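Peer 1: Quick one: the structure is below, and I'll ask about it shortly.
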Amino acid sequence: MDLAQRPPYETVDFKALGQRDDEFMVLWQNSSGRLDFQDPETTKAVSKTILKVDFGLQLEVPDDRLCPPIPNRWNYVAWLQGLIDSTSADYSNKYDPERKVIGLDIGTGASAIYAMLCLKSRPNWTMCATDTDKKSFDSAARNLAINNLMTRTKLLQATALTPLIPIFALGVDHLDFTICNPPFFTSQDEMASSLDGERKSRKPNATCTGAEVEMVCPGGDLGFVTSIVNESLVLRDKVQWYSSMFGKLDSAKAITRLLKRHGISNWAVGVIDTGGNTKRWVVAWSFGDLRPRNVSVVSYTYMLRNLIMRKKQVRANIILWEQSIARMENIANECLPFPTLYTVIFPDSFSPEMAKETLNTHLSSLDMKWAWDAETSTGIVEASQNVWSRAYRRAYERKKKQGAEHMEAEEGQKVELAVRIKVVDLARQMDVEWLRGTDQVLWESFCGAVHGKFKKSS
Ligand SMILES: C[S@@+](CC[C@H](N)C(=O)[O-])C[C@H]1O[C@@H](n2cnc3c(N)ncnc32)[C@H](O)[C@@H]1O
């Protein structure tokens, strides 16, 4: 399997895992197919085997330090990969093996798990990693060394006084992302009662071998990530994506409210669900203007309509839904970023060919960049301002008559809005995707203007 784009785990087939690893097969058979997830040795064996079989990685962790459940950790890495890939400056929305990416694993732990998964799956990535706990730090270094990943990693042993994002101490001038699984709990009591609850469920991942130093901090996950937010307000676009996992949905929600209070409008919320009954949440935020892909509730409704009306489209629509990065289901709308996908269904009077012609004629008449690729029925718009307003268009027409090609010099102008438009012939619809920009009003105005060309009466 191509590790660079390995999909998230939905569940783990332990029997199949045994068929790929003799040692694990013995454990599986001895347990008569009912692995005891209360036994730390079993959870360790599961993590080690998944890492070995699926990623070609070795893992050694001290008995008194956290042994990470791999599906949970990989799903966060896969989500971040989607975030990075869908916010590249060339709008490719694809994994680019040439792109050099540098990340920071905050609190890498004894396993260095995020650093190892990132480095192993993306050969052009490099990582920085920190930890305050000496025992975890030494063990992280050992894991990176036995997997030959040390040369692509900058390890820093932090102290309580070190910033969580010690960009200067690490000697790097920017980071593409930060990744973090913070201590979740505010006290040992909270940790004990939460883990008791998980044990009672008797589901995979119920055992936690984490030491207090790994699991408890002032304010728990919310306190830890609030500190990251505060540092991000100073570092701003020195990091493209700040991110963290959360043990509590309420903490993730509180962080999205905090981001909004600080005027940060570009963020993403996801859920880490590996099929057991332990869910985690991830939030990422950016001061940059590249927007990650998501699927809006509106277009999901359209999809359902298409699903019923045009059975052929079922597959394509479901794939689109699965690709959502920035918005998850079952969370209050106020915690979600503004939708970046807008769908226009063509009225019956428009064939897809007519629609493409209407689109091309209209968009090429405006004072902005419009590049159309007929082969993929996809075009990219780059505009420096609202050039589709009636007032701007009139002024532009007047200037053109006077011989000026553009109202303002095209080169060097800041792109305030970039959009991809894809005509999907079979679905008789057009997906308009917000790629770049911070002005929600400008984006909505553009969608309204394009939609206006496809009203029934047109
Ligand atoms: C829940 S553990 C996560 C370990 C590993 N990343 C994982 O996902 O399994 C949290 C880690 O953060 C570390 N940590 C706590 N405070 C820190 C700080 N201020 N800076 C860096 N690491 C810290 C702890 O020592 C611990 O290893």
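Cβ coordinates are placed from backbone N, Cα and C, and glycine is handled just like the others.
The S-adenosyl-L-methionine binding site annotation in TrEMBL covers Arg73, Gly107, Asp131, Asn181.
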Peer 1: Need the DSSP three-state call for Asn181 (S-adenosyl-L-methionine binding site) to compare against my parser.
Peer 2: coil
Peer 1: Translate the DSSP assignment of Gly107 (S-adenosyl-L-methionine binding site) into the three-state scheme.
Peer 2: coil
Peer 1: Using the centroid of the Cβ atoms of Arg73, Gly107, Asp131, Asn181 as reference, list every other same-chain residue with Cβ within 8 Å of it (recorded S-adenosyl-L-methionine site), in sequence order.
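Peer 2: Those within range, site residues removed, are Leu66, Pro68, Asp105, Ile106, Thr108, Gly109, Ser111, Ile113, Tyr114, Ile179, Cys180, Pro182.
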Peer 1: Let me make sure I understand the span of the S-adenosyl-L-methionine site: among Arg73, Gly107, Asp131, Asn181, what is the greatest distance between any two Cα atoms, in Å?
Peer 2: 17
Peer 1: Measure the Cβ-based neighbour count of Asn181 (S-adenosyl-L-methionine binding site), defined as the other Cβ atoms within 10 Å of its Cβ.
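Peer 2: Asn181 (S-adenosyl-L-methionine binding site) is surrounded by 26 other Cβ atoms within 10 Å.
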Peer 1: Give the sequence-ordered list of residues that share a chain with Gly107 (S-adenosyl-L-methionine binding site), lie 6 or more positions from it, and have CB atoms under 8 Å from its CB.
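Peer 2: Residues satisfying the criterion: Thr130, Asp131, Thr132, Cys180, Asn181, Pro182, Pro183, Glu214.
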Peer 1: For Arg73 (S-adenosyl-L-methionine binding site), just count the other CB atoms lying within 10 A of its CB, please.
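Peer 2: A 10 Å sphere around the Cβ of Arg73 (S-adenosyl-L-methionine binding site) contains 26 other Cβ atoms.
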